[in-house]
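Participant: Dropping the structure in here first, questions after.
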Amino acid sequence: LSQSLFALFASSLAISLVFAIIPLCHNVVVLAVVMAMAGLAMGCIDTISNMQLVKIYQKDSAIFLQALHFFVGFGALLSPLIADPFLSDTNCILSNSTANASSNLPHIRKSLLPHHPGNLSHYDLPMKGMVVTRVSYAFWIMALINLPVPIAVFLLLYKERMVPCFPSSSHPLLSADELAMETRPPDKEDLPTSTTQRPQAAGGHDDLFSCCQSKNFRGASYTYFAVHITGALVLFMTDGIVGEYSGFIYSYAVEEPLSVGHKVAGYLPSLFWGFITLGRLISIPVSYRVKPATMVFINVVGVLITFLLLLIFSYSVVFLCVGTAALGLFLSSTFPSMLAYTEDILQYKGCATTVLVTGAGIGEMVLQLLVGSIIHDQGSYSFLVCGMIFGGLAFTFYAFLLFFHRMYPKPSSDLDDVSPDKPAVMEDTGQYQR
């Protein structure tokens, strides 16, 4: 727990520092290094937050994972709104050709949408002259908005008596948390003190990197590894679809045969991310009633059918908008539902989280690069064909995951139903005991 909190504190603080430094970078190499630091910090936050929610809430983690990823989508919508007032309505660089170039700015403005800018190579803008932009303020405001996060994590460390340089607080936060009582097995109070404390002394789950230790893989069946791999491949495809669709839907819409206006096409990525956020909000109460496996099945089938309909009605601008919204809804809850489902199969050891988060991140990176090169060579229509193929592969890998789930050894019947692996629960909840 202490390693996770310290990593969250350092990563969240690094993000504020990076946003403060970005406007001061006047060299592309320095900017690349700074952005790489931001990527590392965000990857740490993504992995640790998902892993800790799974280990703390276990069978109830699906609801909290949906809430976590709702705020991810909400942030993707909020950050452009914060930056928009500071984007110049005229050209950012004053020169003799500014008057002629300023007409291109509305199109460029609509292209600079969450995460993935559109194709700007055909716009001519002056590159030399006096810089008059105020966009630096947007980065500094985002740095200030993020600053309460590391402060809150530091206060949690202080309350938990984990800060070596400061005197300990008198009332630890987690020792009185109801969570420690809820996740404790019903008969745990009857166990001897030495039994409940032995897992904590062993330190198996106190180490943030305990999942990487080779001793955890000894005697594991091939289905153990197959569940990890197939789960990661499903997220490789679905998160890759999120990245490539939001990145290239603008370019696809403005090209033939649709030839949508730049202003309308600029709203499509926002529509996509808006329905992803809406879907994650809806999934919070739905996940309380529907099993994660069922939700993932609905998601991958919905993605496949949506891409099929987009291909059939590829000449319809109206259905492109409807399909974009539907695709955002189906993709919204795939990641948290898959995470909850996979960890449920593996009895909430927390190890699968790292594999799944890594697979999703690699998919978002690789598939965008792949689709971009295919569109460049084959034309914009290949954008939907690629999405259809990726959706079909996601469904196929999910079918393999269901197959390996059936073959995966069930926990012993003498273990508690609420906690399939009682020793693992004692290891996880032992850290809350003082």
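Any Cβ shown, glycine's included, is placed from N, Cα and C.
Feature table excerpt (TrEMBL):
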REGION    182-203  region 'Disordered'
REGION    412-434  region 'Disordered'
TRANSMEM  30-49  transmembrane segment
TRANSMEM  61-82  transmembrane segment
TRANSMEM  137-158  transmembrane segment
TRANSMEM  224-252  transmembrane segment
TRANSMEM  264-282  transmembrane segment
TRANSMEM  294-311  transmembrane segment
TRANSMEM  317-341  transmembrane segment
TRANSMEM  353-375  transmembrane segment
TRANSMEM  381-404  transmembrane segment
Participant: At a Cβ cut-off of 8 Å, and with pairs 6 or more apart in sequence only, do we get at least 3 pairs between the transmembrane segment (224-252) and the transmembrane segment (61-82), yes or no?
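Facilitator: These two segments do not touch.
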Participant: Sequence gap of 6 or more, Cβ distance under 8 Å, 3 or more pairs: do the transmembrane segment (353-375) and the transmembrane segment (30-49) meet that?
Facilitator: yes
Participant: Can you name the far-off residues of the same chain, 6+ from the ends of the transmembrane segment (381-404), with a Cβ under 8 Å from a Cβ of it?
Facilitator: 223, 226-227, 230-231, 233-234, 237-238, 240-241, 244-245, 248-249, 251-252, 293, 296-297, 300-301, 303-304, 306-308, 310-311, 314, 342, 367, 370-371, 374-375
Participant: So which residues does the transmembrane segment (30-49) touch in its own chain, when a touch means Cβ under 8 Å and the partner is 6 or more beyond its ends?
Facilitator: 4, 7-8, 10-12, 14-15, 18-19, 21-22, 68, 208, 353-354, 357-358, 361
